[in-house]
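*Asks:* Questions regarding the structure given below will be posed in turn.
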Amino acid sequence: MLHNFFHVYVVKTLHQFFHSILRHLYSYHNYSLYKVGDKIRLPRGPSPREGVVEVWHDMHPVWSRICHRDWDTNDAKVVCRQLGFTRAVETVAVLGADLRYPPPNGTDDSPDTHYWPQTLHCAGTEASLSDCPHGGWNIHNCSKPSESAGVFCNTGDCDFDSHSCGYHQYCKVGSCQGWGRRPPPIPPANSTAGSGQCMATNVSGSAQLVSPFLHSSTRCMEFAYFMHGNATMRLAVRLWVDSLPAEGNALWMMSGKLKDDWHVARIGIGVDKNFQVMFDGEVIDGSDGIVAIDNVTLSDSPCQARKCSDLPVPAHGYVMYDGDAAHYGCWPGYQLLQPSNRTCLGNGNWTGDATVCQGRSEDYVPLIAGVAVSVFLLAAIGGTIYKLHRRQNRHLIAASRRERAEQNEYGRECPRRLRPLEFSRDRITLGRQLGKGQYGVVYKAEAWQIAGSRTCTNVAVKQLILSSSDAYMTFHKELLLMEGLEQHPNVVSLLGCCTREEPFYLILEFVSGGSLQSLLRKSQPDEDPGGAGTELTNSELTKFAMDVARGMAYLASKKIIHRDLASRNVLVTDDRVSKVSDFGMSRRGEEYERTTEVPLPVRWMAPESLFEGKYTSRSDVWSFGVLLWEIVMFGKTPYPGMTNHEVRDRIKDGYRMDRPRNCEDHMYDLMTTCWAEDPEDRPDFSGIVLNLENEMEEKMDYFVLGIDNEGMTSDESQDSRSNKMVSVIIHEETKL
């Protein structure tokens, strides 16, 4: 035994020794890859502060990009520091930098080779990237523009006129030109004799201009504005303060029909955090209106009124000046203790007294104390009852432990591995409701700077509205399942979640084209005898099926069983790309056996699922065959004329739906193959994709436009889609 111990000790010591030598040699070799100063650069960016990250590789030598895998904010901080931007108030790790910073005039200046640092993990405090720990360097061909890394180093000293400090603009709603560097027709381009053109927008909807993060030392913001046109317009100025809610912090707003003259507004700001300014331009009545702003200036000194001395800005608040009037406001979570308005008198004095912004939580200290006492008493009573119950029902204790274990897996606290997905709900603005399900509501929403975006992004938000253990369990099952999926063009993507406080949010990719079922039904040839309906070509119908098959093949490769594949749960983009959605009933694994009694989508279910409660990827293939039937029949309900009970009985007897009148033999053959009694006799989704691709290449038409005129009952019961958090279509209705 002593001999064995000595042998193991010697081998382990020698292994550590040689590993240490190799590591130091490797680190010495790699140290020369990155140098400070001129050995790193940001080409293509609109200013020296941002662009694609390129480093000089001494060994070859060549300038090289970095793949954005494992690229994060800490890495971006080091790049900004290495380039000399030490006072940056904001650093952004840009993913897909070649797309954000395209080459000039359509040229391609991308290097042929990319040297990808394996598992680069900067702490954010290093002087250069060469000081960051990494696992070595490999030659990696990042051929796609979406794979390159970039940075934005915002120093906060913004020059509005030269537009060189990271202002971003986008259209929010409707048809609009957005903010742009073009002079309006009236009045002259500049509000003063200063340099630079105004920012203008000609909108029939609304548009937003967003500044980069600005220094917390700013005490006054001044800007010129005007509105032109026959429409009634609105210009609003909002501040988004880091770590504070965005709702309710509108500083300034002007609406109506103004003369073609420039006006000047001044806003006093009192914040202790970095912030961003948002200018919202909107036509609220009419069309063809122009809203313009110019000469945005920031000052560390307080704003000055016309006659009176400046007012102190309250902590956690702001002061807005309009001529001789001043208006106080507080940030969300705080409230004014004095009147909000004051007026500058002719003698140079202000009416009223200075105000204070007090945290609302201070008003509830007695209430919190009372609640704490009540909770303590309830806990004591509950503990006594629990002990009595435990003595009488030990078998129930075991069941309770199992239930608590399951709730711990899907509890109210976000699992550690999901924390990178956590997104601040203060950066989400909920819009109109899209639908409602058993456990929650789905909204169209706007998310600020989500998934690498630096502006607002349209998203779909699933909001949990029930607090039962079943609701939380269903929510977290869907969240955990989607978290393991990579982005796929035919699967709706998870963008983030809000689980630190209620109500819980699931933030999903927003698909504006609607559900496949809705699109098919609107395109039925007999739906509009006059021919005004939307036509779908044979190739489009086939592509819908192929897109769904590709998405399902990806899910099957991830060991995910969807369990509710139907046209209602497939979304279609404006470009007619189909995406599989709604994972409320989905489960991970080779096989899943149902253990609870819940309403089920009978018409789309395979026999083994209906009668044995067993689900596999091959049972999803059966559902895909039913979805093919839906496509051929332009979204009509499967098994027409039958009740759900009759459908179960007929399937048990071996019944299969007949070939639709307008379906070619090849497509019906694919359907019936998907409906094989034995799951092993059904094709897998990869085979289905190959089948459809081959037919598309041969340019064969499977569908003849037209529809079976046989009557179908319009009041057929739709199969329930419960047992999921929300069973709705996430889309924005569009007129087709």
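Every residue, even glycine, has its Cβ placed from backbone N, Cα and C.
Straight from TrEMBL, here's the annotation block:
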{"type": "BINDING", "residues": "Lys462", "note": "ATP binding site"}
{"type": "DISULFID", "residues": "Cys122-Cys132", "note": "disulfide bond"}
{"type": "DISULFID", "residues": "Cys330-Cys357", "note": "disulfide bond"}
{"type": "DOMAIN", "residues": "306-359", "note": "domain 'Sushi'"}
{"type": "TRANSMEM", "residues": "364-386", "note": "transmembrane segment"}
*Asks:* So of all those disulfide-bonded residues, Cys122, Cys132, Cys330, Cys357, which one's Cα sits nearest to the residue listed as 'ATP binding site'?
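*Replies:* So, spelling it out, the nearest of the disulfide-bonded residues is Cys330.
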*Asks:* If you run the three-state DSSP split on Cys122 (disulfide bond), which class comes out?
*Replies:* coil
*Asks:* Do any residues at least six apart in sequence from Cys330 (disulfide bond), in the same chain, have a Cβ closer than 8 Å to its Cβ, and if so which, in order?
*Replies:* Pro314, His316, Gly317, Tyr318, Leu336, Cys357
*Asks:* On the 0 to 100 pLDDT scale, where does the domain 'Sushi' (306-359) sit on average?
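*Replies:* Mean pLDDT, the domain 'Sushi' (306-359): 73.
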*Asks:* Is Cys330 (disulfide bond) helix, strand or coil when read with DSSP?
*Replies:* strand
*Asks:* List nothing but the one residue from Cys122, Cys132, Cys357 whose Cβ has the fewest other Cβ atoms within 10 Å; the candidates are the disulfide-bonded residues.
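*Replies:* Among the disulfide-bonded residues Cys122, Cys132, Cys357, the lowest count of other Cβ atoms within 10 Å belongs to Cys132.
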